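Worksheet: the structure to be examined is printed underneath.
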Amino acid sequence: MRRYGKHTDEDDVRVRPNRKGNRPRTHIRPKHEDAADGMVLTVDRGRLTCLVDDRVIVAMKARELGRKAAVVGDRVALVGDLSGKKDTLARIVRIEERTSVLRRTADDDDPYERVVVANADQLAIVTALADPEPRPRLIDRCLVAAFDGGLTPLLVLTKSDLAPPDELLELYGALDIPYVVTSRDELENGDAADRVREHLDGKITAFVGHSGVGKTTLVNALVPEDRRRSTGHVNAVTGRGRHTTTSALALPLAGARAESWVVDTPGVRSFGLAHIDPSRVIHAFPDLEPGTEGCPRACSHDEPDCALDEWVAEGHADPARLYSLRRLLATRERREGD
Ligand SMILES: Nc1nc2c(ncn2[C@@H]2O[C@H](COP(=O)(O)OP(=O)(O)O)[C@@H](O)[C@H]2O)c(=O)[nH]1
Ligand SMILES: [Mg+2]
Ligand SMILES: [Zn+2]
């Protein structure tokens, strides 16, 4: 699955060799003790829109950060003109440690996996029940990415006016994932937003899914236009008066008790699963995890000696859970379209 021998992405710490060897060039990083804290809301061709206090500020990455890219959701430190006035440009001098990352896979025209969202707590996996048809493989891959990254998954099944949710809900039933089903009518009368909002309080939620499933429609229903405008999203970034969902976009949720964010993302084809550690995925299955103690070393959990079969046979866990776990682990070896 991994087509490139050595893993490289923009997060690798690159140490430029100098004449004395491989010593990192730490001395060039100034302290910037007076820097302000901000959060990256969107990125557009090297310009990063950041929220600092209540001001929306456009910034560029300082050269000293090297190849490390700041992405939506990143907590950053900024210096320079922080007024947020038109045509000003601040500098991002530091990217704080991330609590989570979501990567998308390498594309044909871009050989690197890239982080799309940092610091999200929850992954809302948006799937249309029809138009476009649901793709369980993509849902599985999103789930693995969520479990691996320590994000809580939420299934959002849209367009129930076009097809019923029963089959999909049955397929994911054993995983016990919270879900919301929405329809065109419920979007219009506000019920869809209300029901999704119940799952968003106090969290940063990234909405992912195939293009056309209704992510932007839902995010717009959650965040009223004046609020989108006040964070500079309507025209400050693209200048076209409309966000085209070519980059992820963080929006503050209105009416939430605790600070909550929703992150709209462009249609992803898949997530990078090259770095997935099966033990982190199993961690999301607390009923099965203790059963792996009897497994052979480096067990794939899908081999004859795997102790999980016995664990389930002894009645410690539901066989459907083991089946689901194995299906998820197997997605790592498959391409999304399979
Ligand atoms: N019938 C129906 N159409 C929907 C629903 N939600 C969104 N759509 C439509 O699906 C299309 C794609 O929506 P969009 O939000 O742009 O999808 P995105 O690519 O995931 O952001 C638009 O024409 C929406 O009006 C729904 O619940 N039912
Ligand atoms: Mg969209
Ligand atoms: Zn095993």
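Glycine is no exception: its Cβ is also placed from the backbone N, Cα and C atoms.
Remember, it's a predicted structure, so these values are computed and weren't measured experimentally.
Per TrEMBL, the feature compositional bias 'Basic and acidic residues' maps to 1-15.
Residues or ranges marked as region 'Disordered' by TrEMBL: 1-33.
Feature annotation from TrEMBL assigns compositional bias 'Basic residues' to 16-30.
Residues annotated as domain 'CP-type G' in TrEMBL: 99-271.
According to TrEMBL, the domain 'EngC GTPase' annotation covers 118-269.
Marked as GTP binding site by TrEMBL: Thr158, Lys159, Ser160, Asp161, Gly209, His210, Ser211, Gly212, Val213, Gly214, Lys215, Thr216, Thr217. Around Gly209 (GTP binding site), a 10 Å sphere centred on its CB holds 26 further CB atoms from the protein chains shown. Taken residue by residue with DSSP, Gly209 (GTP binding site) is part of neither helix nor strand, so it is coil.
A C-beta separation below 8 Å, combined with a sequence spacing of at least six in one chain, links His301 (Zn(2+) binding site) to Pro278, Ile282, Thr292, Cys295, Leu308, Leu325, Arg326, Leu329. Annotated Zn(2+) binding site per TrEMBL: Cys295, Cys299, His301, Cys306, in sequence order.
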Handout entry: Per DSSP, three-state class assigned to Cys299 (Zn(2+) binding site)
Key = coil
Exercise for the section: In whole Å, note down how far the CA of Val213 (GTP binding site) lies from the CA of Cys306 (Zn(2+) binding site). Expected result: 38
Completion exercise
Candidates Thr158, Ser160, Gly209, Val213, Lys215 (binding-site residues); nearest Cα to Cys299 (Zn(2+) binding site) turns out to be Gly209
Exercise for the section: Mind running the binding-site residues Thr158, Gly209, Lys215, Thr217, Cys299, Cys306 against ligand 2 and keeping the ones whose CB falls under 6 Å of it? Expected result: Lys215
